[in-house]
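**Student:** In case it helps, TrEMBL gives these features for our protein:
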- 189-211: transmembrane segment (TRANSMEM)
- 255-280: transmembrane segment (TRANSMEM)
- 292-314: transmembrane segment (TRANSMEM)
- 326-350: transmembrane segment (TRANSMEM)
- 356-378: transmembrane segment (TRANSMEM)
- 413-435: transmembrane segment (TRANSMEM)
- 447-473: transmembrane segment (TRANSMEM)
- 485-504: transmembrane segment (TRANSMEM)
- 516-533: transmembrane segment (TRANSMEM)
């Protein structure tokens, strides 16, 4: 900024403290606007539009390094309807958010006295702005001027601005919003260490089991090779060698199966890239940039989906590859957009700022049809041509062999339910931190932790599914594909169950809008996580 250049105070949203996502336009409450009218224009990004950022000009005249004494900028004519609106807002602990030079400021609308009969409105915004050189590095708001809400009176709203020199560097100006005592708590470090120990233990266990049992199995099978035919017919052959003629049989519902595998590969790629970008760039300093980045990366990694889904479908002998490509491309977008569409109806009913504008919906649909689909097609064609030929070590028998009876704990359903416990155990502390930054007012910035947890989750999931598949094949059940996928994907069920616990014991959310928003998007998050693990 140059000296005396205009500094814009943007009003963002107002809403109840306990429901972070339930926000309304600031001027939906009967606040009044300052006298200054003209303003340099402001552009909204896709991420902001989806997150319900509604910046409106406050009308306050603020100039760089120009102190303003307490000045009345407008007055509110308090009739009965307006008083009721303010009383309702104060009862529900409404607070508002503003921005100066992209720095967020929060203030509370008002407060009630102890016995809850009289309600008071804060009318005086006292701004202290710190500058370093020609940049704004720090903003503080003090709310003063408590005025009792009496019907049919006029309430004067005022503000003052004080500029002070600050030593904060421009790069570090967001540090005061971060909460190291919360995110870098001993428990966080301890949980990572704990999960790490579990990983080492698991990898050791899996390699030991496989080395020892497989060596035994090989010894047994090679001994049977040396017997003559008469003994072999009487021999007690059992174990995974028996299903060699069926183990490469295509899975049931290969179309859905390969679409899920493709989508899972894509979600994993997106998570990896977004976390790496977030570690390098501080994405939390820009409004909505995390969401915009995720959407961009998701669209750009579509060939991954097509490649893995298409090649798997071709190897399983699938004929309807175009249908598979469409299902693979639109599986995740349809799930996310379907949930968003449903929650949007409630948001429109509430007049909330989270209601997604029509233009943004069209933009997202265009991304789906004109970016994701063509890239998916490219991936599918590559996948079918490069690795679409089945190269199985033994041929598939013409007649499927009957599956023998087995103990109850070897049934696929039981294996699937037990498979998700360990992966969930390795991530659930990190879940708490991620949930808290999304549903409460913390800014998540420790992406290094998230990266470690993602790596740990991968290793644990791989180990668990190897063991599950070995048990299943040993029981001479060759239906391993879905069991292998679902025993990892069942992590999603545990995460969703944890989100219920989190809702009831860790938050104070209430109301139809916030509750449906929470459980709707938690379902999307859990499902995506499950598909990725699978």
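The count begins at 1 with the first shown residue.
Every residue gets a Cβ built from N, Cα and C, even glycine.
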**Student:** Below 8 angstroms Cβ to Cβ, which residues of this chain, lying six or more residues outside the transmembrane segment (485-504), approach it?
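**Tutor:** Counting only partners 6 or more residues beyond its ends, the transmembrane segment (485-504) has Cβ contacts under 8 Å with 257, 260-261, 412, 415-421, 423-424, 427-428, 431-432, 435, 439, 461, 464-465, 468, 515, 518-519, 522-523, 525-527, 529-531, 533-534.
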**Student:** Would you say the transmembrane segment (292-314) and the transmembrane segment (516-533) are in contact under the rule of three or more C-beta pairs closer than 8 Å, pairs 6 or more apart in sequence?
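**Tutor:** As far as Cβ distances go (cut-off 8 Å, pairs 6 or more apart), the transmembrane segment (516-533) and the transmembrane segment (292-314) do not touch.
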**Student:** Thinking of Cβ pairs under 8 Å, which stretch from 255-280, 292-314, 326-350, 413-435, 447-473 has the most of them with the transmembrane segment (356-378)?
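**Tutor:** If we count Cβ pairs closer than 8 Å to the transmembrane segment (356-378), 292-314 scores highest.
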**Student:** Contact between the transmembrane segment (292-314) and the transmembrane segment (413-435) is defined here as three or more C-beta pairs under 8 Å separated by at least 6 residues; is that satisfied?
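**Tutor:** In this chain the transmembrane segment (413-435) does not contact the transmembrane segment (292-314) - fewer than 3 Cβ pairs sit under 8 Å.
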**Student:** Among 255-280, 292-314, 447-473, point out the range having the most Cβ pairs under 8 angstroms from the transmembrane segment (326-350).
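**Tutor:** Between the candidates 255-280, 292-314, 447-473, the best contact partner of the transmembrane segment (326-350) is 255-280.
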**Student:** What residues in the same chain, six or more past the boundaries of the transmembrane segment (189-211), come closer than 8 Å to it by Cβ-Cβ distance?
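**Tutor:** That would be 422, 425-427, 429-430, 449, 452-453, 456, 459-460, 463-464, 466-467, 470.
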